[in-house]
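Student: Annotation source TrEMBL lists domain 'Major facilitator superfamily (MFS) profile' at 50-535. According to TrEMBL, the feature transmembrane segment maps to 83-102, 114-133, 145-165, 172-191, 203-227, 239-258, 270-289, 310-334, 378-396, 408-427, 439-460, 511-530 (among others).
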Amino acid sequence: MNSTVSLAKVYDPTTVTVAHLPSRTSSPGHLSNVNNDSTKQKRRGAFWMIFIALCVTVFLSALDMSMVPTALPSIVADLDGESSFAWVGSAYTLAAAAWLPLSGALATAFGRQPIVIMALVLFFLGSILSGEATNMSMLIAGRTVQGLGSGGIMAMSEIVVADLVPLKERGVFIGLTSLVWAFASAIGPPVGGAFAENISWRWLFRINLPITFVAFCLVVTFLRLKMPSGSITEKLRKVDWLGNALVAASTCAVTIALTRGGVETPWTSAQTLVPLILGFIGLVLFLIYESKWASEPTVPFDLLSNRTSVAGYLTTFFHSIVATTIIFYIPIFFQACFGVTPIQAGVDTFGLAFTIAPAAVVGGVSAVLAKRYVPQNWIGWIIITIGTGILSLLRADTPTAKWVGFEIFLGVGVGIVWTSVKFPILAPLPVSRNASAMALYMFSRIFAQTFGITIGSAVLQNELKTRLPASFLAQFPAGVDVSVAAIPFISTLPEPLRFQVQEAFADSMSTVWKVMLAFCFLGLLTALFLKEIELHGHTDENWDLSSQDASTEMTIAPGSVPVQLNVNPSLEVELEKGAASTGP
């Protein structure tokens with residue numbers, strides 16, 4: 001029996017995929033749309049414009065995340081939000097974490113561009129709500145909508161880079177996006193402080209609007225990747241709605257418990273324990289459902305089928321807890337213990353922020369050049385562990401040279417791991433899993449950010465209650481988070497009460513750093529389980545740049561491999577092969 005494929009017209013003047021012929025080595029139902037020669041392809045202008053668009057979205061998300069903590073005391077004082085200030089950060093990261101898994105699934109079903117556009121629109125609307133908030137409830141609602149958009153932005157920036165750049169080249173591009181993230185994180189605190197002091201904290205959110213518009217225009221114009229086929233109904237069926245609902249509800253329950261515990265309600269109360277227990281039970285049920293019943297799982301279990309990827313995800317989780325807590329609470333430490341303004345507190349973080357950026361580039365580029373990523377993770381975690389331990393020595397009278405040195409040393413470790421941890425996650429996996437793998441990576445990172453902020457808040461609040469002088473603590477009503485509410489009053493206190501309050505803050509922050517030190521040891525431990533795997537040079541052709549000159553689309557039969565011929569225009573091709581030559 002003969003197998004015949006004919007082609008009437010060839011539209012591409014140089015290359016066309018002529019046919020897909022049965023192969024002895026291909027298993028039925030298996031299809032690999034892999035570009036094995038991607039490193040030899042010259043990147044066109046469209047690629048660089050897409051990369052610029054992604055960098056703008058990354059800048060937008062990082063700037064928003066870094067501006068708000070510095071201005072929190074001003075926001076809390078203006079909106080009388082002493083009892084709920086932690087939700088300004090937690091609602092943002094909670095919404096981002098809950099949305100991230102769904103972003104990956106929607107991007108696979110509907111394509112990359114529509115999901116990026118949707119994320120930008122959500123971020124735009126959330127910025128309007130936050131900037132015009134008249135009370136804390138409205139601000140928290142706006143931050144929730146912003147978080148949904150930010151989660152989509154962060155997930156899609158990682159996914160699109162993974163689509164277009166092979167893993168063995170990706171370190172350079174990861175380093176560049178990390179550089180953008182670090183730069184935005186560096187200028188965010190002083191910009192936020194400047195707005196809060198000199199104009200209005202509302203401009204922290206209003207400034208997002210023109211930047212979001214620029215990102216929107218770039219994405220609409222240049223982010224034109226191949227789109228999946230099928231009707232809306234077929235695409236909707238590809239999304240794991242039940243699994244996403246389970247993980248979102250569970251994430252919300254855990255975060256609510258962590259945010260309220262020790263601040264609004266005691267840790268031993270039913271209001272804290274019930275959502276905490278239900279949340280962790282829900283996460284376990286989510287994993288069971290994904291492994292046994294989900295037809296299109298949000299988290300395909302082959303992502304977790306090898307030691308290196310699992311260790312990579314755990315390392316990401318612990319790194320994000322530590323890095324977020326440090327970045328979020330160091331400006332608060334400076335304002336409380338050094339008595340500086342929000343602007344100066346932002347400037348004082350430059351040693352950390354401007355070290356993370358070049359260290360992240362070094363981590364990514366060194367992995368590409370050395371074709372190794374394990375040593376970078378080990379070295380980075382050793383530096384982070386030592387640096388976090390050193391932070392616990394900071395006092396209200398620590399000389400400037402010392403704390404700047406501490407920041408620089410710690411920033412090197414944070415930056416190296418920031419980029420190096422992505423390689424062990426992706427190296428063992430096929431490129432067809434890029435979207436799922438990077439969505440889970442970002443979920444791990446954002447969920448950990450929620451943990452970091454809420455754990456830091458709970459520890460700091462509980463420590464301050466036991467360390468602050470009773471005469472100072474008595475002026476704050478029960479249920480108020482004194483870790484932020486107290487800061488504007490410290491500079492007005494007479495001596496020696498002011499120094500006692502600053503020392504109480506320093507001691508309490510020292511406890512926060514010691515708690516983070518425990519997570520550093522866990523991160524270092526998980527990094528020891530990483531295994532060196534060769535960095536492949538493949539990309540997934542399903543998500544290449546779209547082109548009007550692309551060859552005619554063909555239906556690919558199960559168990560087939562592509563055959564490519566270089567032909568002249570208008571050439572008609574007919575291939576015939578007998579059953580004996582192709583085998584069963």
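Placement of Cβ uses the backbone N, Cα and C atoms for every residue, glycine included.
Provide an account of the burial state, proximal residues and distances for the features listed.
Tutor: Below 8 angstroms of C-beta separation, residues 47, 50-51, 54, 57-58, 60-61, 64-65, 91-100, 103-104, 107, 112, 115-116, 118-127, 129-130, 173-174, 177, 205, 223, 225, 426, 431, 434-435, 437-439, 441-442, 446, 539-540, 543-545 of the same chain, each at least six residues beyond the ends of the transmembrane segment (145-165), sit close to that stretch.
For the transmembrane segment (172-191), the list of distant contacts is 51, 54-55, 58-60, 62-67, 69-70, 157, 161, 165, 207, 327, 331, 342-343, 345-347, 349-350, 353-354, 356-358, 360-365, 368, 415, 418-419, 422: same-chain residues at least six beyond its ends, Cβ to Cβ under 8 Å.
Using a Cβ-Cβ cut-off under 8 Å and counting only residues 6 or more beyond its ends in the same chain, the transmembrane segment (239-258) has close neighbours at 90, 93-94, 97-99, 101-102, 105-106, 109, 272-276, 278-283, 285-286, 289-290, 294-299, 443, 447, 450-451, 454-455, 458.
Non-local neighbours of the transmembrane segment (310-334) in the same chain are 66, 69-70, 72, 89, 185, 189, 304, 340, 342, 344-346, 348-349, 352-353, 377, 381, 384, 388, 391, 394, 407, 410, 414, 417-418, 421-425, 440-441, 444-449, 451-453, 455-456, 460, 483-484, 487, 505-506, 509, 512, 516, 519-520, 522-523, 526-527, 529-530; each lies 6+ residues outside the stretch with a CB under 8 Å from one of its CB atoms.
If one looks beyond the transmembrane segment (408-427) by at least 6 residues along the same chain, the residues whose Cβ comes under 8 Å of a Cβ in the stretch are 162, 167, 170-171, 174-175, 178, 182, 308-309, 311-313, 315-316, 319, 322-323, 326, 351-364, 367, 373-374, 376-377, 379-388, 390-391, 434, 437-438, 441, 523, 530-531, 533-536.
Under 8 Å from some Cβ of the transmembrane segment (439-460) lie the Cβ atoms of residues 86, 89-90, 93-94, 96-97, 100-101, 103-105, 107, 151, 154-155, 158-159, 247, 251, 255, 258-259, 261-263, 298-299, 303, 313, 316-325, 328-329, 422, 425, 481, 483, 508-509, 511-512, 515-516, all in the same chain and six or more residues away from its ends.
Proximity of distant same-chain residues to the transmembrane segment (511-530), defined by a Cβ-Cβ separation under 8 Å and at least 6 residues beyond the stretch ends, is recorded for 307-308, 310-312, 314-315, 318-319, 321-322, 325-326, 329, 373-374, 377-378, 381-382, 384-385, 388-389, 391-392, 394, 417, 424, 455-456, 459-460, 463.
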Student: Go through the chain and flag residues at least 6 beyond the ends of the transmembrane segment (83-102) whose CB is under 8 A from any CB in it; none is fine as an answer.
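Tutor: Same-chain contacts beyond the ends: 65, 68-69, 72, 75-76, 136, 139-141, 143-148, 150-152, 154-155, 239, 243-244, 247-248, 251-252, 255, 258-259, 263-264, 298-299, 328, 439-440, 442-443, 446-447, 449-450, 453-454, 457, 479-481, 484-485.
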Student: What same-chain residues lie close to the transmembrane segment (114-133): Cβ under 8 Å, and 6 or more beyond its ends?
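Tutor: Residues 57, 60-61, 64, 79, 103, 106-107, 139, 141-153, 156, 160, 202-206, 208-209, 212-213, 215-216, 219-220, 223 contact the transmembrane segment (114-133) from elsewhere in the chain.
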Student: Tell me, what is the mean pLDDT of the domain 'Major facilitator superfamily (MFS) profile' (50-535)?
Tutor: 84
